[in-house]
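Asker: Not my notes, these are from TrEMBL:
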type	residues	note
DISULFID	105-152	disulfide bond
DOMAIN	173-491	domain 'Glycoside hydrolase family 20 catalytic'
DISULFID	283-334	disulfide bond
ACT_SITE	329	active site, proton donor
DISULFID	509-526	disulfide bond
């Protein structure tokens, strides 16, 4: 039997059969009624021939059967003893005649080419002679897009979701993300692109780009070039140019991955102040300025004028419907020291509750971003502080106290969409197999109604950059992030850690075989070890 998994993450939706065509006349054994539904977007195709692991003559060996270790586990999967031959010399992935997409659909054509290479690698150059008589050969995979508009030039979005009754595999959650921090350590473009490739292999569909923060501002703004000129670690070597950003967005689009930038304010903005005069609050020591600066100054109209222009640019550069606006970890000590801020607090009737001042700023910022027709994501503090939010706001839960389960219950009880990251801060490391606890965490594991559970749109694995740069990002992230991938993709009932370990070991070896230095889970080996740079 041949198993075909199609993941157009995140744009899996509505399409009848992807048919595998046999050379032999008898096609009943192939089960041509196996349906995988797809709305045009990057095709992630994994093909495994039972008893054959794609090309080798391993029939009848249980050891090799164990190597057909799918990750993340599909919603429905059934194998049989029937084996088919896949030959790189004759097998092809083609557009079905009835499909609304065709050779001009670059997003599919590129996916066909990419996954043909994954399937056969260098074996297509020197195919071995056949030692086993297979039930028949597989000649082609036909991809049939039934929607009138295949959206070959479109971008993935949260709304591209899946109808469970129509398809054999679908993600449990629509938002399956990875956060990378390129401010604390600059991440070269090559590293970001390589991570997008690995994300696609693991069915992640959101790249949360925490692109700037206190230490550095590597985003090169056309409107405010001094932000990176004076705020980056280096104005030429440690910046992301407009063409770099465009490349990341397009590279991600071709793999069905959304790119959501985060520009966190009013805190985490020390690097912003280098390029924008009077943006940050002057801190005081007694009655005199200390020479240091705190969060964005929330009492100046010039701060909001800047934000209006800046987010107008961001809304045009990043095509996704959402921007992450941060809003976390605002240190009030500088605001408390500033006499002008204290005077403003009295005028507004805020008393000494500086969370009200924070909410004042956030509210104005949200109005600015809403005017760009973008939706917004915020860290949970914005919700906790009672800021008035649009109904489609996505609340990102990350804090350990209160218990994240309680926070998820509160957010969804208020009617907002919730994202979870608390148990998936992968920058936190420990000796041993910490992937197990990562795997066991579930975004819907809280007390609430079915309606509340439906408001959980997914989660993100976060890799903050204090101790991470290009040298150790990939092995620290993978395959631990793969554990998050399965939790967000597979059915809720998929919880067997022992079974997961066996499959994840093999999945890790697949990544290693493809040149990804994913760290080992425990003692063992891969048939093809990582060969280094």
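Including glycine, each Cβ sits where the backbone N, Cα and C put it.
Where the annotation comes from TrEMBL, it is an automatic prediction and has not been curated.
Keep in mind the model is a prediction, meaning the values are calculated, not measured.
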Asker: Cα of residue 105 (disulfide bond) to Cα of residue 283 (disulfide bond): how many Å, rounded?
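Answerer: Per the Cα atoms, residue 105 (disulfide bond) and residue 283 (disulfide bond) stand 56 Å apart.
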Asker: By CA-CA distance, flag whichever of 152, 283, 329, 334 among the recorded positions is nearest to residue 509 (disulfide bond).
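Answerer: Closest by Cα: 152.
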Asker: With every protein chain in view, how many other Cβ atoms are within 10 Å of the Cβ of residue 526 (disulfide bond)?
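Answerer: For residue 526 (disulfide bond), the count of other Cβ atoms within 10 Å is 16.
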Asker: Compare the C-alpha of residue 526 (disulfide bond) with the C-alpha of each of the recorded positions 152, 283, 329, 334, and give the closest one.
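Answerer: Nearest listed residue in space: 152.
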Asker: Counting other CB atoms within 10 A of each CB, which of the disulfide-bonded residues 105, 152, 334 comes out lowest?
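Answerer: With the disulfide-bonded residues 105, 152, 334, fewest surrounding Cβ atoms within 10 Å: 152.
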Asker: Take the C-alpha atoms of residue 329 (active site, proton donor) and residue 152 (disulfide bond) and report the distance between them in angstrom, rounded.
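Answerer: About 40 Å separate the Cα atoms of these two residues.
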Asker: Between residue 152 (disulfide bond) and residue 283 (disulfide bond), find the distance joining the two CA atoms and give it rounded to the nearest Å.
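Answerer: That comes out at 52 Å between the alpha carbons.
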Asker: Counting other Cβ atoms within 10 Å, pick out the least crowded of the disulfide-bonded residues 283, 509.
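Answerer: With the disulfide-bonded residues 283, 509, fewest surrounding Cβ atoms within 10 Å: 283.
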